[in-house]
């Protein structure tokens, strides 16, 4: 670990394999001072794509992993930290995706930077959020969807809580959550808080085991937005293509950003229920359609983003999305 700290402090980039080993040392034997020193040095130097991929692989290796017998598994998970308290877009979208027949292994946590994280809103709406890995695996196989709470599946992360808190700044771990799905999802939609991270995380994902992914940033949001142009990087194996999409490209209307504002977990749970049951129209429904459609597309279940949005719309309008919520609430670990 001392060698890695020295080299990174001197401005040297680590290889992906070295970054993976450094992550293992962080989780297994490094002191808090060493962890803080490495994270600070990486931040000062600037984390490279191979370093991000290597750390993500090391974090995955330390996780409690599951292997549900459903495919293609998809995850919708963002970095958070975009500074906008919107409704719970990726979480609500997950039910729409699963309702469309695409199995979902949702990875998430309690809120860090917003009023309501995925775990907060799911707990409020009556879903068991802290199930053990075998139970989540069964849940995905039986209902088509499961929620993996980060602290349950990533106990090794306890080692970095203290150093991260004391540093008080963003580190490489702020972008690793979406890259460390414990079910090794086949396809992902990854939202990022900074547009500059779109090509960075797309490149990192292309170096990992994910088959297909969309890395997205929507005019200030770590989601595909419905208030302007969104930047998208599409990962297919080792290839990456970057482009932009507008709401009209997806077949939804444009809205003001303020129209997708969220609130407390209670308020966001009410919005989630209303959207899934077809009682909420307008911007909040449209942003869910856009992001659910993206997940359906990248899972290979639609030929285009717009076709994915059509499938998402059908999931809500037929009652399938609401039924998916009911089945997850009723599942007993």
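From the backbone N, Cα and C atoms, a Cβ is placed for every residue, glycine too.
Annotated in Swiss-Prot:
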- 78, 81-82, 86, 88-91, 106-114, 118: 5-phospho-alpha-D-ribose 1-diphosphate binding site (BINDING)
- 78, 109: anthranilate 1 binding site (BINDING)
- 90, 223: Mg(2+) 1 binding site (BINDING)
- 164: anthranilate 2 binding site (BINDING)
- 222, 223: Mg(2+) 2 binding site (BINDING)
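The CA atom of residue 223 (Mg(2+) 1 binding site) is located 7 Å away from the CA atom of residue 78 (5-phospho-alpha-D-ribose 1-diphosphate binding site). Measuring Cα to Cα from residue 78 (5-phospho-alpha-D-ribose 1-diphosphate binding site), the binding-site residues that fall within 10 Å are 222, out of 109, 164, 222.
Considering other CB atoms within 10 Å as the measure, the emptiest surroundings among the binding-site residues 107, 164 are those of 164. Rounded to a whole value, the Cα-Cα separation of residue 86 (5-phospho-alpha-D-ribose 1-diphosphate binding site) and residue 109 (anthranilate 1 binding site) is 16 Å. Residue 90 (5-phospho-alpha-D-ribose 1-diphosphate binding site) and residue 109 (anthranilate 1 binding site) are 12 Å apart (CA-CA, integer value).
Distance between Cα atoms for residue 107 (5-phospho-alpha-D-ribose 1-diphosphate binding site) and residue 222 (Mg(2+) 2 binding site): 15 Å, as a whole number.
Reduced to three states, the DSSP call for residue 107 (5-phospho-alpha-D-ribose 1-diphosphate binding site) is strand. Comparing C-alpha positions, residue 222 (Mg(2+) 2 binding site) sits nearest to 90 among the binding-site residues 90, 110, 164. Residue 110 (5-phospho-alpha-D-ribose 1-diphosphate binding site) sits 16 Å from the residue listed as 'anthranilate 2 binding site', taking the Cα positions as reference.
Counting only same-chain residues six or more apart in sequence, the Cβ atoms lying under 8 angstroms from the Cβ of residue 90 (5-phospho-alpha-D-ribose 1-diphosphate binding site) belong to 76, 77, 78, 108, 118, 189, 191, 223, 291. Summarising the environment of residue 78 (5-phospho-alpha-D-ribose 1-diphosphate binding site), the number of other Cβ atoms within 10 Å of its Cβ, over all protein chains shown, is 25.
Neighbour density at the Cβ, taken as the number of other Cβ atoms within 10 Å, is lowest among the binding-site residues 86, 109 for 109.
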